[in-house]
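Heads up: the structure comes next, in structure tokens.
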Amino acid sequence: CVCIIKNKQNNMKSLLLSWIGASLAYGASHSRNVALPKVPTRTDTMPQNQQNEAPPEIPSGFTAPPLLAGRPQIVIDAITHNRPIYYFGVGSNLSRDKLENRAICGHKIAPLSFEAAVVRGYRLAFNMEGFPPLEPAMGSLELVDPAAVPQGPAQFPGGECHGCLALLSGEDYDRVMRSEGVGSKSPFNNDPERGYEEVVVRAHPYGGGPAVDAVSLRLKRKSRLAVDRAPSQRYMGLILSGAEELGLTPEYRAWLAAYPTQRSPAVIRRLAVYNLVLGGFTTKWKLVKICFLARMLLIKALFVPSAGNIVAQAFSNLAMGFVFLPGGILGYAKLKTRHWTGFKISPMMESMLRQHTDYFSKI
């Protein structure tokens, strides 16, 4: 009654006050006999065969439980019961150190085992758009299509992908996936057809042991580039280091070493980093969306890979310089005034500044 009364018009004030008093008095005298409406519990909305299962625990460092809808069953079982699960990593996750420090909650990942393996019928694809010219593309697992006409850089022959096979606890697997944007809500992406999806693959360990089912990450349809791009030299360096550490085959490492990488002028990379300082790590969602749209425009209209025409590259660099210049100036000013504004540089941002600029050498 109180909720209904509060929505009435103000000119009925006297009537409402009397009604409230009567309602409260009546409610007090009948409180023990009033049946509360039934609130659906988790078991009310679950299938009959899952009603006895406990909800997944929230890993330390997080405030929300993982999202399980639409994920592979072995993932649901591993996270719900904290069971070990195999993860097949590609790209920078070839490095054990990189994987161990993958979690975004400050909790270090502790693989139960870590070894080299090969997955047939898939390939390492650089088809995830990044932030050019700093990171034109990231690695992902992609199905091999024998009927497709080869485009972009040459693929590894044999239709297979080599990577790391890591056995993780259910909680650590959840932490790794959240760092990849899987299994948690993201304010940056509400499109269910964008981002990564988990795929179950058959991984064959190098040591000749039995093949196992493992989970890897493939880009969803709207996130895949039509043609693979050249990754940055930094990113390829991480992959090559991890491949050597893991002991991948000499043929696979030679293919990685020969893969083309993006080479952009230092001044363009410097302006790009200062643009990230200005808007890429802000908490103002509206500004983030504007920066995202600007980035998409840059990717589609201005960026030309290093493997492209030399004249086109020159015009691309000039155009990117004009686009980056205003934000670069403001980003640099934001850094110079951070002692007064309280702006804090994240570890990732500091790493990018040290790699692409001389900002810290001038402090």
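Any Cβ shown, glycine's included, is placed from N, Cα and C.
Note that the structure is a prediction, hence the values are computed from the model and not measured.
Quick look at what TrEMBL annotates:
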ACT_SITE  E180  active site, proton acceptor
BINDING   Y87, F88, G89, V90, G91, S92, Y235  substrate binding site
COMPBIAS  42-53  compositional bias 'Polar residues'
REGION    39-62  region 'Disordered'
TRANSMEM  314-333  transmembrane segment
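Here the Cα atom of V90 (substrate binding site) is found 13 Å from that of E180 (active site, proton acceptor). For F88 (substrate binding site), the same-chain residues 6+ apart in sequence whose C-beta sits under 8 angstroms from its C-beta are A117, V119, L141, G163, C164, L165, A166, V201, A203, A214, V215, S216.
In sequence order, Y196, L217 constitute the residues six or more apart from E180 (active site, proton acceptor) in its chain with CB-CB distances below 8 Å. Neighbours of Y235 (substrate binding site), defined as other CB atoms within 10 A of its CB across all chains, total 22.
Counted over all residue pairs in Y87, F88, G89, V90, G91, S92, Y235, the record's binders of substrate, the longest Cα to Cα distance measures 21 angstrom.
When each of the binding-site residues G89, G91 is scored by how many other Cβ atoms sit within 10 Å of its Cβ, G91 comes out lowest.
V90 (substrate binding site) has a Cβ environment of 23 other Cβ atoms inside 10 Å. Neighbour density at the Cβ, taken as the number of other Cβ atoms within 10 Å, is lowest among the binding-site residues Y87, S92 for S92.
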